[in-house]
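S.K.: I'd like to ask some things about the structure below.
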Amino acid sequence: MVRRFALVIVLVAAALSIIWSALAAPRVLPRLRIAPGFGLQDAAGQTVSSDSLRGQTLLVTFGPAHCDDPCREWSQLVASAMPERGTVERVQLIWIVTEPATPEELAQLQASLVPASVPWRVLGSDDARQLELVLAGFRVPRVLSTAGSSVEPILIIVDPTGIVRAEYRVAPQPSTLAADITALEREIRESRGLRRYLYEAAHLFTCNVGGA
Amino acid sequence: MPVRPWVRRLLITELVILALLVVVIGWFFWQSRLARTTLNGMLLDPPQDVPAVRLLGSDGQLHAVTDFRGKVTVVFFGYTHCPDVCPTTASTITRARALLGDQANHVQFVFVSVDPERDTPERLASYLAKYDPSYLGLTGDEAAIQELATAFGVHYAKVESSSALGYVVEHTASTFVLDREGRLRAVLPFGLTPEQVASDLRALLK
C-alpha cells in the first residue's frame, strides 16, 4: 500500500513538473522578417546605416518632416508608451521621415517631438527612391487621398540582429511595450547553450503571421 | 493485499496523463529538430519572400536569386575589389560546400555585386572562377541592386579611399540562404566557420 502511494506521489510530482516546465516556457517575440537595409542621415548630417545600428534594439516609427497635429499626437503617444529610463537597455528610438528632407529639417523635427525617456533620433534622406524602399521594407501602411499619400502610424521593434520582432498599429500601453522589450532582452541574454533550444522551441509555438 | 479501486483508477489516470505529456513533449522536440532550430545562423520561420529582381549574370544571362528553386541558394552581397570580407566569405562557402560532398550539387552560390560600376559580368566570372566555376555573379542596374539589397536588409555605400583601389564599398557582411522554394530561410552572420556553415546548409537541405 505504501509503495503504491509513493508511486502515485512520484507520478503526480512528475506530471506537475512537466506542466510547470510547459507553463514556464520563455515568452518570445516572433521573428517577423528582416528589416530593410538603409543608409540615412541624422539631424547632424551624419550617415546612419542599418549596419551601424546592429547590436541595439530599435523602436522605429515614421512621420512627415513637418510635424502637424496628428504627428505630434503620435509622438506624444509613443513617448508616453516608452518604459521609464533605466528599465530597458540599449534601446534607440528612431523616427524616419517619410519625405525627402535636409539635415536642418531633421534637426527642427527632432526638437519639436514630444520628449521620451529615450532621446528621439530623427533620420531621413533627400533620396526619395531610397525612402520608398525603406518604407516598403518596413511595410509602413499608407493612406492615399486627393492630397497625396501619407503614412499611417506604426511602431516597430527591430532586434539587435536586424529582424523585425513586433509591430504596433496603435500606440501600445507602456507596460506592454516594456514587457515586449524585456522579453526580447531576456531572450538575447539567455538564449545560449542548452537554453537556446528552449527559446527556439518557444519560437515554434509563437504565432507568426508576418514573415511571408 | 488487494489494491483499492480508487488507487488503481488514480494510477491508471496518472499513467495516461503522463503518457500523453511524454507524447506531446516528444512531438514538441521532434518538431524542433525538424524545424532546424539548431542553426548556427538565424532561422526565419516562416520563410520570407524576396523580390525576383532580374540582374545580369556572370554567364551573360539574366537571373534572379529566386531562379534556383530545387536547390538551396546562398546569396552574398559583395564586390570583386573587396579586400577582406568577400574573399573570406567566398572561401568559407567553398570549404563548406566541400564538406557537403555530393550534397554540394544542391547548393548554388550567388554573389550579388554592390559595385556594378566596376563589376562587369566578365570580371565577376573571372573572380568567382577562382573559387568554383559553378558560382554565379550578378550585376547590372544600380537601382535594381539597391531594391534587392534593401529587401535583404543589406546596406552598402561607396566610400572614397586613398588606397590603390580608388574607392571601397562598405556593405553588410551577412550571408543569406534561400530554401528550395526560393524563399529567404536563414541569415548567417559573418565569421561562421566552414563547418558551421556546412552544418546549417545540411540542415536546410533536408
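Placement of Cβ uses the backbone N, Cα and C atoms for every residue, glycine included.
TrEMBL lists these features:
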DISULFID  A:C67-A:C71  disulfide bond
BINDING   A:C67, A:C71  Cu cation binding site
S.K.: Under a criterion of Cβ-Cβ distance under 8 Å and sequence separation of at least 6, what residues of the same chain contact A:C71 (disulfide bond)?
M.R.: A:G63, A:P64
S.K.: Including all protein chains displayed, how many Cβ atoms other than that of A:C67 (disulfide bond) lie within 10 Å of its Cβ?
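M.R.: For A:C67 (disulfide bond), the count of other Cβ atoms within 10 Å is 20.
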S.K.: Looking only at DSSP and grouping its letters into three states, which state does A:C71 (disulfide bond) belong to?
M.R.: helix
